[in-house]
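Each remark here refers to the structure printed beneath this line.
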Amino acid sequence: MKDLVYERSIAGSLVKKEFGAVNHPHMESTVEIFKFEEQQRSLVHLKTIKHELLKSVNDIVVLGAEQFYATRDHYFTNFFLVLLEMVMDLRWTYILFYSPREVKVVAKGFSSANGITISPDKKYIYVADVLDKNIHVMKKHDNWDLTQLKVIQLGTLVDNLTVDPDTGDILAGCHPNAIKLLMYNTEDPPGSEVLRIQNAVSEEPRISTEYANNGSVLQGSSVASVYQGKLLIGTVFHKALYCVL
Ligand SMILES: *[C@@H]1O[C@H](CO)[C@@H](O)[C@H](O)[C@H]1NC(C)=O
Ligand SMILES: *[C@@H]1O[C@H](CO)[C@@H](O)[C@H](O)[C@H]1NC(C)=O
């Protein structure tokens, strides 16, 4: 990776041997495709994907070879227009489907589409709307279009989503207090919150708190991942926390 400049690689997703990562060179968005070399445990860069609809990319979920869904978290790229977009709640952000043959918007109307992930059976897509403080459960169709099944309100700013591979539960890295995150004060730091959503597709999803802290231990949690009874929590700019469940 010596010859590649990764200014801010914010999200990635691995399917079989192919790995996709979001990159933001010079305030633009690209998706970088890598091949995972299992023996060497290394990534080999294959290609850079750019497209006029691939703007302000927040997260992706890889579906196959050079195929993915991507969330767009802002419609505008200019800072003041982004503020205007948020204040006026324009809801112009969307989910894009990308493949070498077809690129299309498959769901729209989000305040700010953020984290995205897929259910273990590959039938449903979960997407976090960070400003609306909720998760949209979407059904995936054969033509890659998405239709909304339900919205799960969480009352906290939902950032990245992952799925527990053993149970299919959604794990959401959340920001309980946005103001403290934006106006950082060491005396009164932002806290952390990780929610677990069981049976997201059912009539009665169950929401429980997997981890919560006022900032004394962990600040600004943005992602959580579980693997065989172990929980790893990542943050926007603080450290990572490892817990045995
Ligand atoms: C999660 O989201 C935040 C901001 O939305 C980003 O900075 C961070 O890198 C993301 N982490 C992962 C693992 O996707
Ligand atoms: C956070 O919680 C700890 C104990 O759990 C407490 O000592 C500390 O004062 C709290 N900090 C804030 C900023 O509320």
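Backbone N, Cα and C define each Cβ position, glycine as well.
Quantities reported herein were computed from a predicted structural model and do not represent experimental measurements.
Positions annotated as Ca(2+) binding site by TrEMBL: Asn58, Asp59, Asn114, Asp159, Asn160. The 10 Å shell around the Cβ of Asp159 (Ca(2+) binding site) contains 24 further Cβ atoms across the protein chains shown. Following the DSSP three-state reduction, the secondary structure of Asp159 (Ca(2+) binding site) is strand.
According to TrEMBL, the feature N-linked glycosylation site maps to Asn160 (among others).
What TrEMBL records for Asn214 (among others) is N-linked glycosylation site. Neighbour list (Asn214 (N-linked glycosylation site), Cβ cut-off 8 Å, at least 6 residues apart, same chain): Gly191. Classification of Asn214 (N-linked glycosylation site) by DSSP places it in coil, neither helical nor stranded.
Proximity of the recorded positions (Asn58, Asp59, Asn214) to ligand 2: a Cβ under 6 Å from the molecule is found for Asn214.
The highest number of surrounding Cβ atoms within 10 Å, among the binding-site residues Asn58, Asn114, Asn160, is found at Asn114.
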